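J.: My questions will all concern the structure given below.
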């Protein structure tokens with residue numbers, strides 16, 4: 001029993017787990033999650049006390065007390081732990097105390113490329129005899145890399161050299177043999193020392209590199225006489241070479257050492273003999289310099305024999321030849337000058353007109369003296385050659401001063417030499433102006449809104465025309481063209497536009513000659529002419545449409561009765577007469593009316609008829625009872641002017657009722673007129689008829705036959721009146737918006753052409769008082785109808801596809817606007 005208990009208590013469960021971790025892993029890196037391996041919950045690791053027991057050298061891993069995972073606790077260096085051994089495996093035991101259990105863990109530390117190749121020395125000196133043959137090999141000690149595997153596989157490269165290369169050789173041993181191979185014979189006199197860099201790169205990712213400097217010294221041998229590097233030196237020297245210029249440097253080398261290698265240069269012979277005074281040689285450097293001036297036309301070829309002698313005993317010498325050819329150079333540029341110049345050139349000059357005569361020459365000969373000329377820019381001028389060395393600058397295209405007012409023409413001359421020499425001559429050609437452009441207005445049609453009652457002399461608008469010509473040809477004066485300008489007015493018939501406006505000749509401002517009256521003139525269309533001061537003068541036209549905007553400058557006026565006398569209301573059973581007492585701007589009158597006792601509520605007693613000479617809201621009238629205030633027996637229709645019984649009339653109302661009725665328009669500020677209506681209450685219709693039979697009162701309309709139907713028609717008329725006002729107001733606001741958009745829009749956006757569209761402009765025109773009649777006419781009584789909508793038709797020719805309609809009515813001045821009367 002004790003044995004069984006001991007076995008269960010101290011049961012040892014052994015297992016084997018393998019983990020791997022890269023070297024240089026950060027502290028805290030998780031190597032293995034032990035709770036999952038041991039079948040523990042995440043929170044039981046601390047309670048069961050798992051720790052690491054090391055076998056051999058201690059590595060930097062431990063069991064985390066919080067998570068129970070095997071984590072890196074300190075730096076892991078594979079090279080320090082295992083050296084070059086592969087793989088690097090560390091054996092350790094994990095001891096779980098509750099219950100007791102031992103787990104064998106094998107931890108493999110994997111290699112990373114953290115070590116660069118390392119040479120035994122940073123610099124190596126090598127000595128080689130210059131007589132070494134190509135293919136000679138010199139052994140080198142390679143680099144080593146502490147890493148393993150691909151990270152330790154090395155490859156070698158040598159810095160660029162034409163004399164050496166690096167060679168690797170695999171032997172039976174594990175290491176590679178490295179050799180420096182000579183590929184080209186050495187010349188100590190040319191390059192005594194060859195500095196090279198040997199690089200070793202490993203196969204890691206990324207690859208690391210180590211370098212070693214190789215310093216190769218060439219050892220000299222003295223066994224040769226001086227030798228020129230060329231047996232013949234060929235030199236081409238331009239004839240304009242300056243004195244002291246280096247002609248050529250000859251070079252002879254002696255591979256010996258000491259005094260045997262010291263060389264002295266000398267000119268042995270020269271052809272022609274005069275060349276001995278023209279050239280000199282430096283005995284030490286071998287530099288041959290020019291001592292005089294060359295002339296290709298005198299001597300174009302020289303031959304010099306050069307000797308190089310060393311200081312040995314006996315002295316040895318070498319010989320070489322210098323052949324010098326003098327080259328003719330193009331050292332003279334062409335010359336261009338203007339013989340004759342005819343400017344300015346008129347912009348209407350014909351093609352082929354000669355502008356200037358030019359002469360060209362070059363002091364060189366042959367191809368160097370042949371000159372060709374051209375003009376830039378090519379348009380609108382060209383060059384024509386009459387004979388050798390002479391050119392004419394002629395016009396080849398028509399000129400336009402408004403596009404280009406002056407040309408800077410450059411005549412370019414170039415010879416046939418190599419290199420080519422050039423000369424330039426600038427010719428300034430101004431263009432004189434002719435009057436070939438008519439003034440053009442910024443807009444074809446100007447639309448202007450002006451309020452009536454403006455002061456005489458007020459500025460209404462400004463027109464502007466541009467003439468691209470200069471001086472007098474571009475100076476524009478403005479005038480009013482009386483040919484088609486005018487207006488049809490309500491009084492006096494046709495009147496010219498000059499009676500209303502004038503145009504300033506210099507500024508184009510349009511002034512008002514007199515105050516405008518909307519009741520007299522609603523629309524004025526006239527044309528403005530712009531004339532330049534050229535010869536002959538050119539003309540441009542623009543149309544101005546002046547819309548007069550109504551002001552509330554007329555008070556309501558009472559109208560006379562259409563019937564001229566009293567009327568009988570058969571439905572009320574009474575006779576109604578009238579007389580007026582009205583207070584307005586024009587004077588005073590008296591108004592009377594009669595009504596029978598017992599008349600029911602709503603019975604029309606009389607109708608006040610008024611008209612306003614203004615239009616729109618300014619002429620829309622409303623009627624109100626000013627006195628008596630409060631609840632009286634009578635009331636007046638707000639827009640109809642009908643005076644009716646507010647309730648049934650009784651004897652208690654007295655024999656007479658006095659009403660003060662005010663008639664107001666809707667203008668700003670509002671204007672009004674008042675009328676005093678005295679209503680007498682009588683018994684029976686016959687008596688009322690007898691009393692009022694001879695009365696004829698202006699401004700009062702009595703109920704006619706069919707009064708009930710008239711009341712219904714009046715209510716319907718009021719509804720249409722409100723609808724009409726809203727419609728006209730909307731059109732008027734839209735017209736103002738369109739006018740503002742066209743006023744401030746860019747001028748280039750003004751379009752004109754033979755289009756079929758028309759411009760609709762709203763205007764505050766028309767009377768808004770309605771009569772009691774069934775018709776919905778805007779006119780009252782016997783007066784003429786007014787218009788509250790004006791449709792402007794542009795003066796454009798009809799499209800080709802639409803034939804012009806024949807004029808069957810009396811012709812009117814074309815400057816007038818078409819008007820449409822509202823029914």
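These residue numbers are counts, starting from 1, taken along the chain as shown.
Glycine too: its Cβ is placed from the backbone N, Cα and C atoms.
Please treat TrEMBL annotations as automatic predictions, because they have not gone through curation.
Just lifted these from TrEMBL, have a look:
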SIGNAL    1-15  signal peptide
DOMAIN    13-119  domain 'Cadherin'
DOMAIN    120-228  domain 'Cadherin'
DOMAIN    229-336  domain 'Cadherin'
DOMAIN    337-441  domain 'Cadherin'
DOMAIN    442-558  domain 'Cadherin'
DOMAIN    599-700  domain 'Cadherin'
TRANSMEM  719-739  transmembrane segment
REGION    794-823  region 'Disordered'
J.: Based on Cβ pairs under 8 Å, which of the stretches 120-228, 229-336, 599-700 lies most in contact with the domain 'Cadherin' (442-558)?
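T.: Most contacts with the domain 'Cadherin' (442-558): 599-700.
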J.: Using DSSP, tally how many residues of the domain 'Cadherin' (442-558) sit in helix, strand and coil.
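T.: DSSP classes over the domain 'Cadherin' (442-558) add up to 7 helix, 61 strand, 49 coil.
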J.: For the domain 'Cadherin' (599-700), give the DSSP counts of helix residues, strand residues and coil residues.
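T.: Counting residues per DSSP class in the domain 'Cadherin' (599-700), I get 15 helix, 41 strand, 46 coil.
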J.: Write out how many residues of the domain 'Cadherin' (120-228) are helix, how many strand and how many coil, based on DSSP.
T.: 4 helix, 52 strand, 53 coil
J.: Over the span of the domain 'Cadherin' (229-336), count residues by DSSP class, listing helix, strand and coil in order.
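T.: For that range the per-state counts are 8 helix, 52 strand, 48 coil.
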J.: Please compute the mean pLDDT of the model over the domain 'Cadherin' (442-558).
T.: 86
